[in-house]
Amino acid sequence: MAVDEDMAPKKKKEPTENEKRRMKIVPGSLMKAEMRPGGGDARPSDGDQVIYHCTVRTLDGVVVESTRLEYGGKGTPIRQVLGKSKMLLGLLEGLPTMLKGEVAMFKMKPEMHYREVDCPVSPPSSFPQEDELHFEIEMIEFSKIKVVSDDLGVIKKVVNEGLGWESPREPYEVKARISAKKGDGKVILSNTQGEPYCFTFGKSEVRDMLGDGRLMKRRLRDGRGEFPMDCPLHDSLLRVHYKGMLLNEEKKIFYDTRVDNDGQPLEFRSGEGLVPEGFEMCVRLMLPGEIALVTCPPDYAYDKFQRPANIPEGAHIQWEIELLGFEMPKDWTGMDFPSIMGEAEKIRNTGNRLFKEGKFELAKAKYEKVLREFNHVNPQDDEEGKVFVDTRNLLNLNLAACYLKRGECKKSIEYCNKVLDANPAHVKALYRRGMAYMTDGSFEEARDDFEKMMKVDKSSEPDAMAALQKLKQKKQEVERKARKQFKGLFDKKPGEIAEVGTPTEESSTSENQRKDDQADSDGIEEEALLQDAGAVNAPRVGWFSHLWPTGRRLFSALGFQRCTIL
């Protein structure tokens, strides 16, 4: 007997992973307070790209993390695709309730952020995942998009519909104008400047060096050898001819080695910061004999490098580069111990120079290079062993200093511990670890290290006392600000907004006075590290040192509404 398909029971559709997550939400675990109303009546839905700023605070107002510059973030809003990007449960539920331009405060129980069972997002280091928190969200924009790559690394939003039905495929020649913006909306490459980009689709004549269309390398003539094995990927002595042009209507040539350098090529060692970063990045991916045309944005050209007088600030640059050849660095295999240590000292001194010039990433690469080579070095006697261990300690401490300058305190402490594990009384390691603890807000650990310095070496007392004084000032400043912060945006009753105090403006007491620096045995200036620990323009440090600003202007401008339980 046949069964009518319309009469057959229909199979129930399985819920999606996000729907299963939403089923776990407990009433009252997520509350929303509208701080600034949005516009229109459209709200984001699954498949939309949402662009928003997020600031996370404890209930007493201490900033945990933020995308905003004023709270230690990068100033770049978050971009995610609802229903596809991995996100916290509280945001998955809360973002679809917002209008464009709206600012809202979400109060989340721990199970709505990182304490959710099987949370798909890993918590940042030192994040108070056990605490109830406030998430301040500003919904900047949302729109329908098309996901191009499965990892969401490439998504597409159609601004203007094209004509016809055909898309480029191999081996079509493509001519395109490309514009690029940073995440904060700042234009870094305009499609009205210069000629359109021309390239053969599917081939590698054009290479996007940064992945955002700003630094482009176009091969004009093939080189010799196999890519990338025969490229100068490692630090090498390079010989190039180049012609530099301003990327404007006139395309004015500002330098040509064949004209301005008596026909001699430019010789430089890569990895030492001797040419603009964009220039070196592209040359490292060239083969001998290759000619390439490089289009470079200001921040990878001369805005962060010694700028010639005939190049204006903020100028986009185009270089035509010919790689004549290169020499690889010496291979340490078969070298005797004194020769190896001599080569190591040269590289370490180069790293020290780069550190003093503020090129911490390049300096870090030099120290790491020597430490990697040291894995294959075997001292033959006690004297060689002592030299080897002392040099390795200096390299680890120099790396700790680089990470501290970059605001990566945990990594700095890790490299200090490599020295202290073998020698707990190493004064310089104690000092540097104490500086990292202080920058990270771990004041008790910092005090222990500075006090231990004086116990193991009396001559270190002046440096230790200066550090302890700085530690005292920093701790007092944090405590003073903390006492003046708000006591929560919500009161004990769901749906109500707590009364907010109006503390006075806090004037900055951070010191940034420069003294004559004295170089220590490892070539890193400790006095500069001490001063930078409290500098207002230092990289992002521990969350406790970023506190909420005063609130009278904030609340009067935003006009808090009643709280909603989601």
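Glycine residues also receive a Cβ, built from the backbone N, Cα and C atoms like all the rest.
What you are looking at is a predicted structure, and each value in this text was computed from that prediction instead of being measured.
Residues annotated as region 'Disordered' in TrEMBL: 1-47 (among others).
What TrEMBL lists as domain 'PPIase FKBP-type' is 47-143 (among others). Residue counts for the domain 'PPIase FKBP-type' (47-143) under DSSP, helix first, then strand, then coil, are 15 helix, 38 strand, 44 coil.
According to TrEMBL, the domain 'PPIase FKBP-type' annotation covers 235-327 (among others).
The repeat 'TPR' annotation in TrEMBL covers 427-460. Restricting the average to the repeat 'TPR' (427-460) gives a pLDDT of 95.
The coiled coil feature in TrEMBL is assigned to 461-488.
Annotated region 'Disordered' per TrEMBL: 495-526 (among others), in sequence order.
For the domain 'PPIase FKBP-type' (235-327), the DSSP counts in helix, strand and coil order read 14 helix, 35 strand, 44 coil.
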